[in-house]
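Undergrad: Have a look at the structure that comes next, please.
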Amino acid sequence: MASNNLNVLNALDTAHTQWYHVTAVVIAGMGFFTDAYDLFCISTISKLLGRLYYYDPHTHAPGKLPHTVNNWVTGVALVGTLTGQLVFGWLGDKLGRKKVYGLTLILMVICALSSGLSFGYSRKVVIGTLCFFRFWLGFGIGGDYPLSATIMSEYANKRTRGAFIAAVFAMQGVGIIFAGLVLMTVSKVFLMRYAGKAFSTDEVFSTEPEADYVWRIVLMLGALPALLTYYWRMKMPETGRYTAIIEGNAKQAAIDMGKVLEIEIQAEGEKLAKFKSANDYSLLSNEFFQRHGLHLIGTMSTWFLLDIAFYSQNLTQKDIFPTMGLVSDAKSISALREMFETSRAMFVIALLGTFPGYWFTVFFIEKIGRFKIQLMGFFMMSIFMAIIGVRYDYLKTKDHKWTFAALYGLTFFFANSGPNSTTFVLPAELFPTRVRSTCHALSAASGKAGAMVSAFGVQQYTQDGEVHKIKKAMLFLAFTNMVGFCCTFLVTETKGRSLEEISGEDENQNETKMKGRPVSGGHQDDGWD
């Protein structure tokens, strides 16, 4: 059937992959680079902060952040991210994607630098100031989620759209690798010059005074990538879909996208008026609920469930690694040595499990499809977490630490090659232009709500490192993944279709309309029957 789409939208959908697609991935991905860098670093830094600021000589044990303080240090950025997602997602639909896009990077740069400058006359002031700036860092990072996903989906062609959106998200993998290298390099440099004694030998000076500079340098370096891409982000034009469909300026959309694609595009004023009038419904309307209600429930629920498991893995790595035997006992090493060993273990797990998973999705999402990849990821994560939970006593012994590490790494691989990527991609494709950024924001905010369950619930539960608690936590995470597997059936496959065809905006077949067919069967659309 012939498409009712505008010329400018058809040109975007059928364009060959060009250099601007690659530059858009890098420019849009810097927020996720910073997000992953911060998440990776803070888990390790929180242990160092405990040794620096919370040493109690009466306990004869290395300093450790109190549960509540640790939860806020690691979790406050998640609260900021959730808030930023909702605010900037809504602004992206109301004011335009580009108008608020630069502000997110400015927030990231300022707050990353300020986090490293969290000085004070007491530990309460230092931690309080750090949490304040980490909230606003998260606020900026959160704004990048809906804006970057929406911009990339509206720029890309329909044949490779999923791969490019996934590539934006895969910049998290690059951020993780960079964070690991920075942590290891900075801590090693200070170790070479200021190495302290083991805690068992000297309780006070096993925590090197110079270590107070280490965590500050690491946090401040997170501002560098965002700063380097600010100029190029400001040079990007507004997306053709927003300019044409929302602003109603077909001529400007044709000019902007013509420059990007290096072709001439004819504007269609009369056709645009009909196009706009057929799709003028709001997020809270019955029309939206009939077309996309279950899809929104599906994207929100799967992201929520995924992030409970995913952030629990990331935030509790520092506690699980000693049990796995990948990090020395805290009493046998100095503070900087502990930081180096923890970051090294996290780096190896990320390099072998997390990083390949992101790029597996980039290369195979257009071949396998979003729906199948998400189902596979949830299912395999559940299996491996259940094995760890059931056999934890066996796996935690020294003789089986590498089996433990392999199983733990595989959960990261299938998270990133599955739902961690697809839950980001699908909300950028399923919903109409008028509410695309807002719907992605709602889905992403649900994910961060799950991450907060992890930070303030699962992490606190396992912080003591007690075996029976870690076993129960892993089995709980296995269960949440199976629920995510079931909720995946609420979304539909989007592979190979234009955004307007998926959302029904071009009025061809209104394929996502749900009257008389509650689930627009991802399994049916994807040929599973």
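The backbone N, Cα and C atoms fix where each Cβ goes, and this holds for glycine too.
Because the structure is a prediction, the values reported are computed rather than measured.
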Undergrad: May I ask you to name which of N314, N420 Swiss-Prot has annotated as N-linked glycosylation site?
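TA: Per Swiss-Prot, the residue annotated as N-linked glycosylation site is N314.
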Undergrad: Membrane-wise, does Swiss-Prot list I45 and T433 under the same topological domain?
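TA: Going by Swiss-Prot, I45 and T433 are on opposing faces of the membrane.
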Undergrad: Going through 72-92, 164-184, 345-365, 406-426 one by one, which has the most CB pairs that fall under 8 Å from the transmembrane segment (212-232)?
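TA: Highest pair count goes to 164-184.
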Undergrad: For the topological domain 'Cytoplasmic' (146-163), provide the mean pLDDT of the predicted model.
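TA: Here the predicted model's pLDDT, averaged over the topological domain 'Cytoplasmic' (146-163), is 91.
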Undergrad: What stretch in 22-42, 72-92, 345-365, 375-395, 473-493 has the biggest tally of Cβ pairs under 8 Å against the transmembrane segment (164-184)?
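TA: It is 22-42 that shares the most Cβ pairs under 8 Å with the transmembrane segment (164-184).
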Undergrad: Check the transmembrane segment (125-145) against each of 22-42, 72-92, 473-493 and return whichever range has the most CB pairs under 8 Å.
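TA: Per the Cβ count, the answer is 72-92.
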